[in-house]
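All remarks here apply to the structure that follows.
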Amino acid sequence: QWMLSRKFGYITPGEMYYDYYKSDTIRVISVLVTFFIAIPLLAVFFGATGYLVNILTDGYISRELSMWVISIIVLFYVTRGGFKSIVTVGVVQSWLYFLTVIILGIIVYSYVGNIEIFGKALSKVASTTVSSSGNTNGYGGGDYNSYFALPGAIQWVAGLGKNEAVGGPWTAMMIFTFTISFMGIVLSPSFSMWSYSVKHPKAFSYYQIWGSAVIVGLLLFVFTTFQGIGASLLGANADFNNNGLSIKTILSEVSNKDHSLIIYHIISLMDKHALWLTGLLAVGLIAALQSTAAALLMTSGSIITRDLYKAYVNKNISWEKERAAARIIMMLIFLASLYIATFAKPAMVIFSGISISIAFQFLIVLLGLVWFP
């Protein structure tokens, strides 16, 4: 994609698809996918930001008020500053996010004790049948606690919600397909468009391999995993508490449906010890949400402007008017996202999941363009 954009001057993926396949249909589909990805995902990011502020202030500031205020700030610097402001702010926010993940992991580790205590606690849990899905009952090579083993490569069931798989739904095939479906985020026009902004191919090796794969991978597999498992051993898991498997009970119990609340409870542990750290962690989480939202808002507005408005409505539009049209479209996307986040929360969750899977269909389009011409 990057080489083609450099050679032929593409600005959006839709322009590239149209030029190669000579198909208006693919171009329009890329616009529709962009639209249906941007609005629900932005609604999730904006809503999560408001919810974070609401939780950390003990309900003093409402979710809706904080969501609208912070998101309006994002809209302002996206529409006024453009790509440069987004990249500059995004770099700062990314470091805040990295620091937040590391500190949260260290906080949990400090309350757990050390690796030896952590390992013994896990071995104690593994010797029981206490888990959200029970034991694997022969699937996966033995009768193991489902927290520590996959329930086989694949299981045939009537469907999710109709009957449960033995040992839980997370078979090897379920994990594989779930992971693959999330590639839709990278394949979506809104995110793949960012590859066109790179000046030199060395950036891909430095940031994609060492930055995304190594550094972010380390954070996710070490610190984030420790946060989730460690929190369960510190009182967040009711089953562990009832069966005497917790190391301490300093966190509030969190149900499986509300597992995202664990992060907020971990942050609140610092209220009595280092209030400034609570603020720093909150800012780090907000930064992670808003940096992604800003990038998505910018590219979505640009794609709809160039691949729909400029291509089919006003082909001879000047750069100044095109920029103004992009800002208006960004504002409309912004308002639609906030409306869903405020008044249609169930739809926000449902459509955000569906949109990612829809974007994955662009894998075929990209394979045909890059590898199988």
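Glycine residues also receive a Cβ, built from the backbone N, Cα and C atoms like all the rest.
Not measured: the values here are computed from a predicted model.
Per TrEMBL, these features apply:
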- 28-53: transmembrane segment (TRANSMEM)
- 65-83: transmembrane segment (TRANSMEM)
- 95-112: transmembrane segment (TRANSMEM)
- 170-194: transmembrane segment (TRANSMEM)
- 206-226: transmembrane segment (TRANSMEM)
- 274-304: transmembrane segment (TRANSMEM)
- 324-344: transmembrane segment (TRANSMEM)
- 350-372: transmembrane segment (TRANSMEM)
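Only residues 6 or more beyond the boundaries of the transmembrane segment (65-83), in the same chain, are considered here, and those with a CB under 8 A from a CB of the stretch are 46-47, 49-51, 53-54, 89, 197, 286, 290, 293-294, 297-298, 327, 330-331, 334, 338, 341-342.
Note on the transmembrane segment (350-372): residues 1, 4, 13, 16-17, 20-21, 26, 30, 33, 36-37, 39-41, 43-44, 180-185, 187-189, 192, 340 of its chain, located 6 or more positions outside it, place their CB under 8 angstroms from a CB of the stretch. Away from its own ends, the transmembrane segment (206-226) comes close to residues 98, 101-102, 104-105, 108-109 of its chain (Cβ-Cβ under 8 Å, at least six residues beyond either end).
Only residues 6 or more beyond the boundaries of the transmembrane segment (95-112), in the same chain, are considered here, and those with a CB under 8 A from a CB of the stretch are 118, 121, 215, 219, 222-224, 226-227, 230-231, 233-234, 247-248, 250, 263, 266-267, 269-270, 277, 280-281, 283-285, 287-288, 291.
Within its own chain, the transmembrane segment (274-304) is flanked in space by residues 11-14, 30-31, 34-35, 37-38, 41-42, 45-46, 48-49, 52-53, 56, 70-71, 74-75, 77-78, 82-83, 86, 89-90, 92-94, 96-97, 99-101, 103-104, 189-191, 193-194, 263, 267-268, 326-327, 329-330, 333-334, which lie at least six positions past its ends and keep a Cβ under 8 Å from the stretch. Long-range Cβ contacts of the transmembrane segment (324-344) within its own chain (Cβ-Cβ under 8 Å, at least 6 residues beyond either end) map to 35, 38-40, 42-44, 46-47, 50, 64, 67-68, 71, 75, 78-79, 297-298, 300-302, 304-305, 309-310, 317, 351.
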